[in-house]
Amino acid sequence: MAADKVDPIHQFHIIKLVPINIGGYDLSFTNSALFMVATVVVAAAFLFLTTSSRSLVPGRLQSISEMAYEFVANMLRDAAGTQGMKFFPLVFSLFMFVLVANLLGLFPYFFTVTSHIIVTFGLAILVIGTVIVYGFMKHGLGFLKLFVPKGVPLVMMVLVVPIEVISFVSRPISLSVRLFANMLAGHITLKVFSGFVVSLSALGAVGVAGSILPLAMAVALTALELLVAFLQAYVFAVLTCMYLNDALHPSH
């Protein structure tokens, strides 16, 4: 148990809460699944409770909800134009899910679902899948113009087209790894400094004095992680908007 408290990786372990095995497939309900459900419930409850009154003079919480709505709406309009607003429910849902999941992960003993690559990759595949499906539905084979930039000489197409295809295919990887790596690294660093504080404090008066610097670093890192939680949600959402713009306007 003592090792678990110091081990910075222990916080990312998947724990089976309700073992479920169907046809040889492990479909157990885990701590990761629990906090994904909690993330959806918290985000939905916050938005419902803060906007249900629809007061002409909004309170603080209602103002936060309206600011989040306008923030994402403006982001989507800037990246994909007014046509992009048809994707607002998707982008806003992704933004709120990533933001709330990141924030919940900062609470002690809570699980950070966005620190697992399988979760972030699933979100990225949802985005890229939407781009591909909508792109072909709207433009047919014209969607393939996305891989043929305008103004490129014909002789260069042999080189440019494969590069564009590889760039497109790598999008879900870069989108998911960026979020996963930032959350993983931040939480490990925070856990390490917190472990220093606990370990030094157990050494008596000298240890307590020596723990002041790690404690200050832990507090500063916590504040930084709050900023990172928002920035990563913003980056994920803004890149989603840019990718959706390719589905709307595949011609460069």
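Placement of Cβ uses the backbone N, Cα and C atoms for every residue, glycine included.
What Swiss-Prot annotates here:
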- 29-49: transmembrane segment (TRANSMEM)
- 87-107: transmembrane segment (TRANSMEM)
- 117-137: transmembrane segment (TRANSMEM)
- 146-166: transmembrane segment (TRANSMEM)
- 188-208: transmembrane segment (TRANSMEM)
- 211-231: transmembrane segment (TRANSMEM)
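Tertiary neighbourhood of the transmembrane segment (87-107): same-chain residues 35-36, 38-40, 42-43, 46-47, 68-69, 72-73, 75-76, 80, 113-115, 123, 126-127, 130, 179, 183, 187, 222, 225-226, 228-230, 232-234, 236-237, 240-241, 244, selected by CB-CB distance under 8 Å and a gap of 6+ residues from either end. Within the same chain, residues 135, 246, 250-252 sit at least 6 positions outside the transmembrane segment (146-166) and bring their C-beta atoms closer than 8 Å to a C-beta of that stretch. Tertiary proximity for the transmembrane segment (117-137) is limited to same-chain residues at least six positions away from its ends with a CB under 8 Å from its CB atoms, namely 32, 36, 87, 90, 94, 97-98, 143, 146, 171-173, 175-177, 179-180, 236, 240, 243-244, 246-248, 250.
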